[in-house]
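What follows is a short report on a single structure.
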Amino acid sequence: MEPRASLADIHWPAFAAGLVIIGGACAYMMPDLPRLAASLVLLTALLYLALYDIRHMRLPNAVTFPLIALGLLHAGLNQYDNPFADSLIGAAAGYGILWGISAAYRALRGRDGLGLGDAKLVAAAGAWLGWQSLPFLLLFAAGGQLLALLIPPLIGKRFDSSAAIPFGPAITLSFWALWLVR
């Protein structure tokens, strides 16, 4: 059984600052109230997930599952954003692609290399953005993760290839960027 996610488990000053800065920019950029409301809900969840993953190396089901459901609900209520069928396919494909990568890595290396919380987060992205955005999401997230891996050697730290690295922050950043350009 998965440990329960707690609001005490995140870094509150970073969370609050992120919400104020990014939420304020959203309010300025989005005069459409329903899209603004959806954006603020999405921002809150993504920021929480990124900070939680950095701290605990996992993404809680208590946030990822509702995020998938809200993405499907949003698509059902707002067909102008993307059709419900595209969101449903996106959620299934997003989970399936990362599940496949995780299973292949485990078969080849004999250990986990990608958590299924990441797969659920990509499923949520597929639900919110539609299946057409998944290649871009995965490309941007993987590219961002690779750039993040270059930082330790640049500042004189040794790279540990066996160290676990949270992928959720790269996914959430890519998810948010793609949401904003829709």
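Even glycines carry a Cβ here, placed using N, Cα and C.
Features reported for this protein in TrEMBL:
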| type | residues | note |
| --- | --- | --- |
| DOMAIN | 40-142 | domain 'Prepilin type IV endopeptidase peptidase' |
| TRANSMEM | 12-30 | transmembrane segment |
| TRANSMEM | 36-52 | transmembrane segment |
| TRANSMEM | 59-77 | transmembrane segment |
| TRANSMEM | 89-108 | transmembrane segment |
| TRANSMEM | 129-151 | transmembrane segment |
| TRANSMEM | 163-181 | transmembrane segment |
Please work out the helix, strand and coil residue numbers for the domain 'Prepilin type IV endopeptidase peptidase' (40-142) from the DSSP assignment. 86 helix, 0 strand, 17 coil
On the 0 to 100 pLDDT scale, where does the domain 'Prepilin type IV endopeptidase peptidase' (40-142) sit on average? 94
